[in-house]
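A short worksheet on the structure shown next.
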Protein chains: 2
Amino acid sequence: MPLIASRIASANSATSDFPLNNLPFGVISTAGSPPRCAVAIGDFALDLAALEADGRLDAGAPVFAADRLNPFMALGPAAWARVREQLTTLLAEGAETPIDDALVPLDAVTHHLPFAVSEYTDFYASKMHASNVGTMFRGPENALPPNWLHIPIGYNGRASSVVVSGTDIHRPLGQRKPPDAAAPTFGPSLRMDIELELGAVVGVASPWGAPITVEEADAMIFGYVLLNDWSSRDIQAWEYVPLGPFQGKAFGTTISPWVVTRAALEPFRAPLPPREVPELPYLHQAAPGLYDIHLEVAMEPPGADRETIISRTNYREMYYSSAQQLAHHAVGGCGMRVGDLLGSGTISGPTRGEHGSLLEISWGGKEPFALDTGETRSFIEDGDRLTLRGHCEGEGYRIGFGEATGRILPAVANRWA
Amino acid sequence: MPLIASRIASANSATSDFPLNNLPFGVISTAGSPPRCAVAIGDFALDLAALEADGRLDAGAPVFAADRLNPFMALGPAAWARVREQLTTLLAEGAETPIDDALVPLDAVTHHLPFAVSEYTDFYASKMHASNVGTMFRGPENALPPNWLHIPIGYNGRASSVVVSGTDIHRPLGQRKPPDAAAPTFGPSLRMDIELELGAVVGVASPWGAPITVEEADAMIFGYVLLNDWSSRDIQAWEYVPLGPFQGKAFGTTISPWVVTRAALEPFRAPLPPREVPELPYLHQAAPGLYDIHLEVAMEPPGADRETIISRTNYREMYYSSAQQLAHHAVGGCGMRVGDLLGSGTISGPTRGEHGSLLEISWGGKEPFALDTGETRSFIEDGDRLTLRGHCEGEGYRIGFGEATGRILPAVANRWA
């Protein structure tokens with residue numbers, strides 16, 4: 001599919017994240033006006049509440065003068081398609097319906113969390129990441145857990161800690177115990193990390209008690225965001241046996257402000273890798289389950305004048321798709337809700353420059369890496385900014401995700417010191 | 001504190017769960033009328049929306065004509081105390097304000113989930129339970145994980161699967177692999193279990209990024225419910241390494257319909273057991289952190305004319321309090337919300353008759369136990385009803401929790417068979 005030309009000139013640039021082919025949804029505000037729903041187009045946000053107010057846009061019910069996309073998502077796939085079609089017409093080259101009143105320059109908007117996160121689940125679906133972390137945490141002989149090739153391993157995360165790009169996060173306090181210490185101590189995490197992930201946003205609910213197929217699961221996904229599952233490796237290492245990550249993952253998860261729709265990603269479907277063991281039928285996905293999304297991680301130390309790209313990888317590296325994960329999530333009868341967020345799991349390619357966590361890039365902190373400023377890092381230091389970016393490369397255009405960025409600030413005061 | 005005499009005669013019985021000293025909150029409906037908030041008193045539910053409508057009850061804002069307690073809880077502890085005081089006056093012996101129009105016999109009400117569960121977290125805080133399960137899953141030499149005496153171990157559960165007492169639950173489908181099988185198979189769980197727990201209901205939010213003390217955490221708890229964390233031991237055993245329980249716990253969690261307030265439980269505070277290792281200061285609780293709550297589990301096979309009490313234990317058996325768990329939950333910066341539900345963890349005493357799970361009672365299925373009907377059980381069979389009950393024993397009265405009951409139904413059709 002080629003670029004769809006838009007009346008917004010900046011949307012026609014081959015390097016814009018937001019051409020007319022994309023139309024990602026988010027929630028914005030401007031000085032003196034409340035949050036409302038918008039799409040990104042070129043260098044602008046298009047205020048959907050303004051268009052809806054006088055009938056230039058009609059989702060079937062009034063949903064856009066809201067501080068979250070949930071009401072719009074809850075209208076379902078027919079409404080999503082209808083709105084996408086109306087917006088494509090409104091924003092096409094040559095279209096004449098006035099829209100200037102609804103255009104806000106992107107650099108003048110404040111982004112808000114695009115949807116109320118009902119529940120947040122995180123998975124572990126990159127074979128390279130699982131092998132790397134397994135080797136470091138449990139030794140090479142136990143690198144890949146015996147269940148890994150059979151189950152899209154996941155755990156429930158904390159929805160209240162999901163924040164929008166641009167939100168800075170304090171280094172968490174917690175318990176950590178170096179392997180050679182006799183007892184744990186309490187204080188700021190010393191091994192702060194990122195996890196480069198894609199987040200799937202559930203837009204259609206499934207009832208409690210009703211398993212779904214992978215195809216049904218795929219159709220329930222409204223879209224995708226970039227997701228940084230900030231992780232404290234020292235807190236995690238001490239707490240996670242036997243019931244999994246808890247406080248090591250509870251202090252913050254950053255998502256990009258724009259939800260890129262499944263519709264926009266459709267031309268970039270990519271196949272799942274061949275199964276290495278017989279696949280249980282409930283997990284079989286006939287369609288290509290992944291997407292060809294170029295991803296990168298940038299790191300910028302405090303006071304620096306430039307960032308360093310510390311990883312480049314691709315969502316094609318995954319072993320399980322979001323649809324498979326969602327089907328697995330519901331197969332025992334767990335009801336899924338509009339606004340559920342599913343983290344793909346850290347996305348790592350095979351080489352050091354393609355890893356989605358500092359734990360892997362610095363190999364457990366043993367091999368510090370250099371930044372372009374001349375500094376070195378093993379884990380995140382106070383003031384460091386980490387930014388995820390991603391895009392699909394089309395014919396003369398890209399489907400961009402914008403970015404998911406945040407800085408790690410010093411820990412808050414230790415009230416028990 | 002002695003019994004507070006009520007104008008409702010049935011509330012003055014020494015065996016009623018709901019004397020005037022209790023006043024637990026829930027959500028009820030009756031034929032033809034919508035769900036609204038209520039308290040239980042003797043053999044009745046008192047319709048708080050009816051009292052609020054004409055000013056006989058005033059929480060400070062209209063909150064009771066709602067299908068959930070969240071708006072009332074969100075008013076905070078001063079409003080909770082004010083309403084408790086007003087209700088105590090209205091229901092006292094000799095009180096004359098008319099209330100008959102607001103009284104509904106308990107056997108005529110339908111119970112609803114008493115509050116919208118924002119997020120559900122489950123802990124692992126009975127030393128006896130952790131030792132028993134650890135012995136079975138990891139061997140006696142690894143029974144108690146090295147972190148257990150230092151951290152109130154917890155994991156995030158699934159809020160969308162929390163249901164009110166009386167809701168039957170289908171046996172989940174999922175992956176399970178016997179230790180001697182070469183590969184997992186897919187089908188109904190074969191090792192269905194309960195977990196006898198107490199659930200703490202958070203009524204005051206804490207901001208993202210702000211650790212809280214144990215004392216502050218205690219003051220945030222609105223009340224407690226009985227909680228059955230239904231568990232599939234075969235699904236859990238196969239999936240839980242390395243990221244913890246997921247589908248083995250995702251199909252259903254049953255809570256009792258009435259939230260017993262912290263205020264009602266105050267006279268029954270009980271001390272935490274002595275710490276066995278030095279305690280990190282952020283977890284120190286000066287006040288008695290537990291409650292003296294008698295608990296029992298009843299099992300009734302399908303078609304039986306009687307139930308069998310298969311366990312009797314006490315919440316005093318716990319090693320960590322809900323306040324300690326909540327403080328730990330927030331210490332890294334995780335924001336807590338009104339409606340968060342914290343499961344205590346399975347409550348087990350030292351002997352086989354005091355265990356809070358069938359896994360322990362039947363010692364991993366190896367030692368089936370007898371029911372009064374003559375049948376034996378290792379795990380739950382289709383149609384079995386499991387019921388949790390609990391109460392504090394006062395001077396001539398009890399603070400009862402009612403019950404949390406449910407039956408396990410056959411699995412839904414396997415769409416992939």
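Cβ coordinates are placed from backbone N, Cα and C, and glycine is handled just like the others.
Curation plays no part in TrEMBL annotations; they are all automatic predictions.
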Ca(2+) site partner of A:Glu195, A:Glu197, A:Asp229 (as recorded in TrEMBL), chosen from A:Asp122, A:Asp168, A:Asp180, A:Asp292: A:Asp122
Binding-site residues satisfying Cβ distance under 8 Å to any chain B Cβ, from A:Tyr124, A:Tyr240, A:Thr253: A:Tyr124, A:Tyr240
Output field, Ca(2+) shell: CB within 8 Å of site CB centroid, site A:Asp122, A:Glu195, A:Glu197, A:Asp229 dropped: A:Gly157, A:Leu196, A:Leu227, A:Asn228, A:Ser231, A:Lys249, A:Thr253, A:Gly343, A:Ser344, A:Gly345, A:Thr346
Rounded Cα separation (Å) that holds between A:Thr253 (Mg(2+) binding site) and A:Thr346 (substrate binding site): 13
Recorded positions near A:Arg138 (substrate binding site), in sequence order, restricted to A:Asp122, A:His129, A:Glu195, A:Glu197, A:Asp229 and a 10 Å Cα cut-off: none
Between A:Gln236 (substrate binding site) and A:Glu195 (Ca(2+) binding site): CA-CA distance (Å): 13
Cβ neighbours of A:Tyr124 (substrate binding site) where a neighbour is any other Cβ within 10 Å: 27
Other CB atoms, at most 10 A from the CB of A:Asp122 (Ca(2+) binding site): 30
Output field, Mg(2+) shell: CB within 8 Å of site CB centroid, site A:Asp229, A:Lys249, A:Thr253 dropped: A:Tyr120, A:Asp122, A:Gly157, A:Arg158, A:Ser161, A:Glu195, A:Leu227, A:Asn228, A:Trp230, A:Ser231, A:Ala250, A:Gly252, A:Gly343
